[in-house]
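Contents: one structure, followed by commentary.
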Amino acid sequence: MVPSLALVPGEPAGIGPELCVRLAQRPRPDAHLIAYADPDTLHSAAKSLSLSVRLLDPDQPARAPGDLPLHPVRQAVATRFGAPDPANAAAVIAGLRGAADACLTGRLQGIVTGPVHKAVINAGGIPYTGTTELLADHAGCPVVMMLANSIVRVALVTTHLPLRAVADAITADALQQCLRITHAAMQRDFGLEDPRIAVLGLNPHAGEDGLLGREELDIVIPVIEQLRGDGMHLIGPLPADTAFLPQKLGGFDAVVAMYHDQGLPVLKYSGFEQAVNITLGLPYPRVAVDHGTALELAGRRIADPSSLMAATALCARLAARR
């Protein structure tokens, strides 16, 4: 059975709507996509691209280029590409929550999300740190953020934290939870019976035997040894500056990084256009683009849909496995 997936464009003034319109030009045999978006914004995006879009009822199949089933989410004000309005923050969140509700009730089997502008959501009076955190809270379960491309998969112990707060957030419980969720997802979603997971140290040179920090000795190594006893194939703690060398990456199925900018620069450098953001641990697959709203590109017909296409293809595969 072909899975039904929500397609949520994110910030309406960014490139998300036009990427969705571009995606609709190629009907997919692997998924039934339903956009959770404002219809006027999608029509405006199509006009800016000189493309056609035909918005269908959610249950209607997309058969021709430009067909896009729609669950309408009305905005408070009309979209001006490149100029986000906090008045539309509630509609952005409503689209995400509506899609999540449909997955939790079994009406849909996954969510593909476009980029959201955190500052605009907060300016609209809605506390928001990220879609990963919002969906985790909505589902009531712990999750892990993983970024992936064709070369490497990187899971994060901490996500959107100031650097000065990272060390305090690296606890035995947090690391163990991240590793357990990552291990389970690699087995269930990626079909790896015995996934090989590399664990990075927090400090330079993985602490250098305590000389450059004790987190490896006091937290990371004890957790790794405990989970190895449970049967997990864990490698580390590894110094982050050499863990991503090509000759080493072939020995890992995933890398667990301690913080956002430890693991993601290498991934984005190695294949930014095809990179995607996967939320591990949810009761349904959620895959997002790995780029921002790109307000400066919105409406200019130059935004690259590669990440959204990759996210949609992966979400369809993950949904089919469940």
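Just so it is clear, glycine is given a Cβ too, placed from its N, Cα and C backbone atoms.
Under the heading substrate binding site, Swiss-Prot lists THR132, LYS268, ASN277, ARG286. According to Swiss-Prot, the feature divalent metal cation binding site maps to HIS160, HIS205, HIS260, an assignment based on sequence analysis.
Where Swiss-Prot records a feature, it is marked here on the structure.
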residue: THR132; record: substrate binding site; contacts (Cβ under 8 Å, 6+ apart): VAL143, MET145, THR159, ASN277, THR279
residue: HIS160; record: divalent metal cation binding site; contacts (Cβ under 8 Å, 6+ apart): THR129, GLY130, GLU133, HIS260
residue: HIS205; record: divalent metal cation binding site; contacts (Cβ under 8 Å, 6+ apart): LEU212, PRO239, ASP241
residue: LYS268; record: substrate binding site; contacts (Cβ under 8 Å, 6+ apart): LEU147, ALA275, ASP290
residue: ARG286; record: substrate binding site; contacts (Cβ under 8 Å, 6+ apart): GLY110, ILE111, VAL112, THR113, THR131, LEU135, ILE278, THR279, CYS315
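The binding-site residues under consideration are HIS260, ASN277. Their Cβ neighbour counts within 10 Å are lowest for HIS260. For the recorded site, ARG286 (substrate binding site), the DSSP three-state label reads strand.
The DSSP secondary structure for HIS160 (divalent metal cation binding site) is coil.
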